[in-house]
């Protein structure tokens, strides 16, 4: 607001003009005056933090100390007059030091500024004690008061409402009530001489004069009684702040993605902080978990929460979410659990076993067998109970699908024996045997069989066998005839 507007305002107060804005034009909060980054004060002195804020609609300012909102009480007073916002500490103490934040907000946004406030104590160098204060009626000196300073003019209007100090003979009158009234007036006159507020013409913005008058009024609240009241109120606020201070949950330890074998034990550990102590709930794929024989939720002495899954199954795989909640808010995290499921094994079975094979000496011979199983079995060959390898002179092989073979390029009598093939996988093993028969050239000729159509008993026997039988029969007959003789 311009200086001319402030001068034309009614005497004794500044007229606040309405802010003219275009219809529908709104702006977020901005600070035209922010807090200094470092603010110093002294114990026992008043301390004022002041910001100027703009925005449409006019933002509301909230003050915070160390992140906690400040409520009006005898020790702290927050005030907003138009765009001028102040936080007055009537009597600062070293424990009032800290980080102070002013946050301006309206429907279209918010903005903050901060200051680090340091209050020097009585033992700190450079400390200046506050002006002395009286507790009750003041005892006036016998000497008359000094005249008003030259910088305070009667035309300012600030001392017009006070009568001049009474003469000395009236102050010594017998009427106590009159004397107390005289003392009050004299104290006010003396206080204004000591700390004269700025004149009205120095105000350049709406509400500035009111703020400065309030600063002067807070200085008067420095009597021992007032200090004791403010100290008690401050202690009550501190105790209530400690009791009501809440911190939202914060996870300081969370598990990483976990892989586990089927049937094993899984443990998911996390650690959370917050005040009051948060409550934890576990979810799997969005559904809450309930404790049972395989799922347990425990809390150890060091504050670590654990989710234990015993004898985990494939159905336990998925995303697990832990939600921590207290009255100040909530926090959560999600971790993935992978269950490594081993394939179901099937023991080998024979599709085709080894067969006995007869070959001529010097010929190529090949024997084989086929087994089925999951995983595909592997084979071990033995000859007369002794394991065979490629170096044994035999060609051993497989088609990779469960068929195993043994080959001999030139069979000999040494190869004529029993062979064993055993099929193995992790689910079991089986075995089968087969014989290779190696014949010499003369052994490969089979005797001819001549069939004689006769009703006799041995008619179908080979000729040589039948002749032998007939000879034996004749000899027996002759022997019988001899006995008869």
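Heads up, the Cβ atoms here are built off N, Cα and C, so glycines get one too.
Look at TrEMBL and you will find 1-29 (among others) tagged as region 'Disordered'.
Marked as domain 'Immunoglobulin' by TrEMBL: 36-120 (among others).
DSSP places the residues of the domain 'Immunoglobulin subtype 2' (42-109) in helix, strand and coil in these numbers: 3 helix, 41 strand, 24 coil. Look at TrEMBL and you will find 42-109 (among others) tagged as domain 'Immunoglobulin subtype 2'.
Annotation comment: TrEMBL describes 119-240 (among others) as region 'Disordered'.
The compositional bias 'Basic and acidic residues' annotation in TrEMBL covers 185-194.
Per TrEMBL, domain 'Immunoglobulin' is recorded for 255-340 (among others).
As a whole-number mean, the pLDDT of the domain 'Immunoglobulin subtype 2' (261-329) in this prediction is 90. Residues or ranges marked as domain 'Immunoglobulin subtype 2' by TrEMBL: 261-329 (among others).
For the domain 'Immunoglobulin' (354-439), the DSSP-based tally of helix, strand and coil residues reads 6 helix, 52 strand, 28 coil. According to TrEMBL, the domain 'Immunoglobulin' annotation covers 354-439 (among others).
The annotation domain 'Immunoglobulin subtype 2' is assigned in TrEMBL to 360-428 (among others).
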